[in-house]
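Below: the structure, in structure tokens.
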């Protein structure tokens, strides 16, 4: 039989053990490590609003933030976008909130590129974050931290704020139209715990304009001539297509033309697209007449996710061209007595081209100004005429070749010139040489006659 009071002693021992075990469990829970700075281990779905700061107990004094954007915010490169966030209470004296724009991990970035049709070889050439964005943060007593890391922007929030909405406005840089990537806008306190976040996708941009640098089409050029249309600023370029039409509704390929497209990527990441309508044949397509028109249609389709940014869907640019269909200019040189050479270049552009003379391989300058006249009334083509004085030379010498060259078309035609050869033999030496030749011939005839007469007299006397 147990001594009296032993039951009470066992109850006391049991109570002490329960208290000891309960204290150990509480201590273990309190010693759990806090979340790593800047990393949210248990992040909510985007756009769900406020989030409890990890490592803290639920309390009415807990600082939370709710951003109006939430979820994924799509925006256009070159345009501003804003995140407006409201704090649940004013931060305490020992609390500081920072707004940080941080890029996604590299593996996530690579995965995000593919759905938007980005170019793989641009992956390693992304512009640094500091050159992509220009920050304009409007907040009560907000200050821009110049020592912010290159991976993001840190903005200190005034500790005296009373919960009024705080706006963060970011402007993307126009010079990086083709930048690839997604970024997450985060709000976190000094301890690195995330309060709320929103994902921002800056990829899509419709073409700014479609323009044709020139509407001159040289049909029988020595190099393949082409009409060019440029569309600037469209991104991603894989969603931009173009088509050529002859006289409104006939495809260029069926009319005997070839087409080509080229993406021009500059050093700062811009992507411009050029389309070419090319005549690859030696002769002009039979369907071309002076009145033939060319229509170019560029269509840009917004990538998936940008439907709200571009509610009208596809963006279409139409360019109607009325080309000046040009044939190869003709250069002719002729002699005009008594001492002039005339060079005439026909079927040339009225504001383009000059004539250059050379004799025996050396450039000579004409004292006469070239004259331009239209081929016919209302024509857009002209004829260019220039006169060159040739000196009279009474001496006997070798022939000289005069060449008249049409300059200004070297990129289109290998050589445009006309030549004439002046033979300086006696018959082409001019009037003095003809007189001399007549005297010589007269003396020869007279001498021959005298020789015959003398021979006859001597023969008769014998």
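Cβ from N, Cα, C; glycine included.
Residues annotated as signal peptide in Swiss-Prot: 1-23.
Per-residue pLDDT, averaged across the topological domain 'Virion surface' (24-433), gives 65. Summarising the annotation, Swiss-Prot assigns topological domain 'Virion surface' to 24-433.
According to Swiss-Prot, the feature region 'Disordered' maps to 29-57.
Sequence annotations record features per position, and here Swiss-Prot assigns compositional bias 'Low complexity' to 29-38.
Positions annotated as compositional bias 'Polar residues' by Swiss-Prot: 39-57.
The feature N-linked glycosylation site is assigned by Swiss-Prot to 66 (among others).
Swiss-Prot lists 94 (among others) with the feature N-linked glycosylation site.
If you look up Swiss-Prot, you'll see 136 (among others) marked as N-linked glycosylation site, on the strength of sequence analysis.
The N-linked glycosylation site feature in Swiss-Prot is assigned to 173 (among others).
Non-local neighbourhood of residue 249 (N-linked glycosylation site): empty, since no residue in the same chain at least six residues away has a C-beta under 8 Å from its C-beta. In the three-state DSSP scheme, residue 249 (N-linked glycosylation site) falls into the coil class. The N-linked glycosylation site annotation in Swiss-Prot covers 249 (among others), and the record cites sequence analysis as its basis.
Other C-beta atoms found within 10 angstroms of the C-beta of residue 417 (N-linked glycosylation site) number 16, with every protein chain shown included. If you look up Swiss-Prot, you'll see 417 (among others) marked as N-linked glycosylation site, on the strength of sequence analysis.
Annotation comment: Swiss-Prot describes 434-454 as transmembrane segment, evidence class sequence analysis.
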